[in-house]
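Chemist: Input: one structure, supplied below.
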Amino acid sequence: MKCGHCGTENQTGTAICNNCGQPLDNKNETKLLNMRYDGAAIRSKTRNKSFVDKVWNFFSSVKIGVTLIAIALIASALGTVYPQQMYIPPTVNPSEYYEQEYGITGLIYYQLGFHELYSSWWYMLIIALIGISIFIVSIDRGVPLYKALKNQNPKRHPSFIKRQKLLSHTVHVTQEEKEQFIERLKKKRYKIYEKDGHILAEKGRFSRWGPYVNHFGLIVFLIGTLLRFVPGMYVDEFLWIREGDTAVIPATNQEYYIENHDFIMDIYGQDEEDEKFADALEQTGSLVPKNFQTDVTIYKDDAKDVVGAQPELQEVQSGSIRVNQPIKVAGLTLYQDSYQQNEFQSMSFKLHEVEDSDEVAIAELTVDLTDPNKEYQFDNGYTIMLNEYFPDYTMENGVPRSQTNFPRNPGFVFFVYPPGETDPEVSFLAIGQNIPGDETNNYKLSLTGFDVRDVSGLSVKKDLTLPIVAIGAIIFLIGVVQGMYWPHRRMWIHPQENELLIACHTNKNWYGLTKEFEKLTDGTPIANVVDQETDTEMEPDK
Amino acid sequence: MEQLISISGGLLYASFVIYLIATVLFAATIRDKRKEKKFSLINKLAIGTTILGFLTQLGYFITRWMASGHAPVSNMFEFVTFFGMMIVLAFIIIYFIYRLDILGVFTLPVALLIIGYAAMYPRDITPLVPSLKSHWLWIHVTTVALAEAILAVSFVAGVLYLIKNINQSKSTARTKWLEIIMYSLFATLAFVIITTAFNIADYEATFEYEVDNNQVEIEYHLPAIFGPKDGELLTEDRMDAWLPTPEWMRGAEAPRKWNTLVWSLAGGLVLYLLTRLILRKRIGAALQPTLKKVNLQLLDEVCYRAVAIGFPLFTLGGLIFAAIWAQEAWNRYWGWDPKEVWALITWFFYAIFLHLRLSRGWHGEKSAWLAVVGFAIIMFNLIVVNLVLAGLHSYA
Ligand code: HEM
């Protein structure tokens, strides 16, 4: 497309000559110029031939972008109708749970996969499409706009000037008056560009990049969330550790160890300063936790690289892990996550004769519940074998078994060998149960005591995507503020013999621009701007 | 300590009364028949009273913080009260930019309704469970409240635009929707009035019913239209429930919440119909003349400007600060908890608002309807998500 005025070759689709500003849409002589993207050629508006063009045009339409956001909005709302799978009790079977709890609609919800909606392929696809749309729209419009604003010619064609929305037309203006006006523009922080006595005054151009900056921030954010799937970027492990124990910290390559000195749970109402909460606590009726805390020491294994060597633990740090106050070690963050109070540590028993009403001990033994011995021998010739041990005992269809490996409800099958006997007497023991294997048993084992301790559940996390996600969010906010709070204002000062034409343009808040123009020309003969759209003189009230 | 708490309560009560007076004063400014617009004594008095009310409520906030030892935004009563206070603050800020008195006549009652609504929740000072003990909690909550309050101002400006702009000479879909907005304000008012009335009368009825194979008791403070399913009335001389609560109402105390909701909706309907009977026209039509002197463009500008300020602030408080806190407390910055999802939905919605306005030229009435829908989403998140779709954040 060749400009009829200055001969510059413009890209097809250009509405305003890049060089002289002569409008290239000669047909509508009278109408106002469309200043969107400064008349630059937008790819999606000029090409529509190949498949690539069609895909490009699809994604660079704001209508499609907004539709995609609306679809994401509705999909997100659907996911809150019933709880997501991660919020239902972990022990239940989701395929039954939703129907049981919510009836037929619950069943449909489950069958459609809405119980895991936010990790479904189609939800992620919607978000990805939004990302693609943002990316393409930014290039489609951002690049031409950048080029157009970078090479602005202060000297514009008269029909460019006359077809602006706001135009001031003054018949006689002296050189001094013009210069006074320009001085005031400079004071208002306008940048002045000049060519052959024609002047462009401009400010706030940077705000035009706001939307592109904020969309870039969104893309950075989305990429950040995707990086979680890259190995090494994200660690999410869990560690149960008992009081007094030392354990390897997962994901440290056996290099770091942690010792749990003490797990502490405080509840409200035990301190004098909690008195102010008395009414609320009474209302609740249940215990309200005040603090969950694990006191730990973290060690590093210095002998780790020596093959076959025993770990040589060097203390690295000691401290408390609380909710909201994690500890950091070796790039990992350790969070207080769960707890199990009063897990059995050991149980003590004594052996006595069934007939003995005083239950005088023949032998006494203590079973370490996390590492029980198989056999207990006594000086008086008795031997007791621990034949079977169920840490978390339950009866299922008449058969005893263990629900978990944690000693929460221990059950034992003991074989008692009196001196010289090879046939044992069998006893079964659990809390509240003491069942002889045989009615004719001569000996009986009785519980004499137990020790308990707490177990702390720590989650071990690393998330290297966090900084990227955070930077994306910050860029987004900067872009929003940049684009939203500053207008991009331009004035073209166009001398014509004795007359002076001044055209004004802004990307938002025209009212503010007319007000500023008023102030700038106050006391000079320069006329107020006329809004050529409505044909009224703009006279903002002072 | 006891003393501090009662001072705090007194200050809140006083601020409520002062806001009421300020509303009347703002109403007086638009009755002012003189033609020329001036910032006269009555305007000064009105905004001055509003500021006094705000400072009084700030006094409530500070004394309660001192008494409880943590920022008083940690349960439903405290958060909603704070939200009301932020609406007043947002109004004061916008007032100093645009000097639009009519905004006061309508924004202050909305703030009053919200503070009234808050007062229906238990007002005891509550202890913080460990996960709530983080500075990020109150930073997050206060920013969200301010952002939502500014968006509430855009709602009020939008509604005013609609009242002025919609042709009331015949009944159309638009007049009907406007009446629905009016009705929802009446329903909130009905909630406050009914709850207060039965509170004063000390109404109490206890029911016993079964939840997950446990017998639990539930205390009603309003006569039970809807009782618990298969519930048994324990209190003597009280009305027994007429109907069982539908099963899809779930969560703690679901029957009582459902009953209160039905009371409010029914009470709102009575109030609305009575008002219409007295006015003999649509509420929108009755309000239209009060906006005679207001410039439509200016309302549109306020409506958009409030979103332009509220949107980035909401992003900061509702998404970014929330994520930082969630990362600290639960070691994941995002967990798809219903409350979080609805914050995301709110954010999506206002992104749509901005695009339609800036790229597709949705100004004026279209933009005003969008501002109304946006605020409806915010209120949905505040009320329905807390009461029905309870998740980690549910205070109530
Ligand atoms: C949820 C994601 C999105 C958010 C939060 C967002 C936010 C914004 C904001 C705040 C503006 C600035 C308005 C202004 O101050 O002028 C903007 C402008 C814009 N957005 Fe988005 N946007 C999102 C997605 C999209 C998508 C998917 C498209 C794709 C079509 C898109 C296309 C545009 C366009 C064309 C503009 C105007 C740019 C200009 O005036 O040159 N946005 N967006």
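Numbers run from 1 along the shown chain.
Glycine is treated like the rest: Cβ placed from N, Cα and C.
Feature table excerpt (TrEMBL):
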{"type": "TRANSMEM", "residues": "B:12-30", "note": "transmembrane segment"}
{"type": "TRANSMEM", "residues": "B:42-67", "note": "transmembrane segment"}
{"type": "DOMAIN", "residues": "B:74-196", "note": "domain 'Cytochrome c assembly protein'"}
{"type": "TRANSMEM", "residues": "B:79-98", "note": "transmembrane segment"}
{"type": "TRANSMEM", "residues": "B:105-123", "note": "transmembrane segment"}
{"type": "TRANSMEM", "residues": "B:135-163", "note": "transmembrane segment"}
{"type": "TRANSMEM", "residues": "B:183-201", "note": "transmembrane segment"}
{"type": "TRANSMEM", "residues": "B:261-279", "note": "transmembrane segment"}
{"type": "DOMAIN", "residues": "B:263-393", "note": "domain 'Cytochrome c assembly protein'"}
{"type": "TRANSMEM", "residues": "B:302-326", "note": "transmembrane segment"}
{"type": "TRANSMEM", "residues": "B:341-358", "note": "transmembrane segment"}
{"type": "TRANSMEM", "residues": "B:370-392", "note": "transmembrane segment"}
Chemist: Given a Cβ distance threshold of under 8 angstroms, which distant residues of the chain, six or more beyond its ends, lie next to the transmembrane segment (B:135-163)?
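Modeler: Here the qualifying positions are 70-71, 73-74, 79, 82-83, 86-87, 89-91, 93-94, 102-103, 106-107, 110, 174, 178, 181, 284, 287-288, 291, 294, 296, 299-300, 302-307, 309-311, 313-314, 316-318, 321-322, 324-325, 328, 343, 350, 364-365, 367-372, 374-375, 378, 382.
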Chemist: If contact means at least 3 Cβ pairs within less than 8 Å, sequence distance 6 or more, would you call the transmembrane segment (B:302-326) and the transmembrane segment (B:105-123) in contact?
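Modeler: Answer no: the transmembrane segment (B:302-326) and the transmembrane segment (B:105-123) share fewer than 3 Cβ pairs below 8 Å.
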Chemist: Run the contact check on the transmembrane segment (B:12-30) against the transmembrane segment (B:105-123): 3 or more C-beta pairs under 8 Å, excluding pairs closer than 6 in sequence.
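Modeler: Judged by the Cβ rule, the two regions touch, with the required three close pairs present.
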Chemist: Near the transmembrane segment (B:105-123), which same-chain residues lie under 8 Å Cβ to Cβ, leaving out any that are not at least 6 residues past its ends?
Modeler: 9, 12, 16, 19-20, 22-23, 26-27, 30, 50, 75-81, 83-85, 87-88, 91, 152-153, 155-156, 159-160, 185, 188-189, 191-192, 195-196, 290, 396
Chemist: How about the transmembrane segment (B:183-201) and the transmembrane segment (B:261-279): do they have 3 or more C-beta pairs under 8 A, pairs 6 or more apart in sequence?
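Modeler: Checked: the transmembrane segment (B:183-201) vs the transmembrane segment (B:261-279), in contact.
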Chemist: Average the per-residue pLDDT over the domain 'Cytochrome c assembly protein' (B:263-393) and send me the rounded value.
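Modeler: Computed over the domain 'Cytochrome c assembly protein' (B:263-393), the mean pLDDT is 88 on the 0 to 100 scale.
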Chemist: So, by DSSP, how many helix, strand and coil residues make up the domain 'Cytochrome c assembly protein' (B:263-393)?
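Modeler: The counts are 108 helix, 0 strand, 23 coil.
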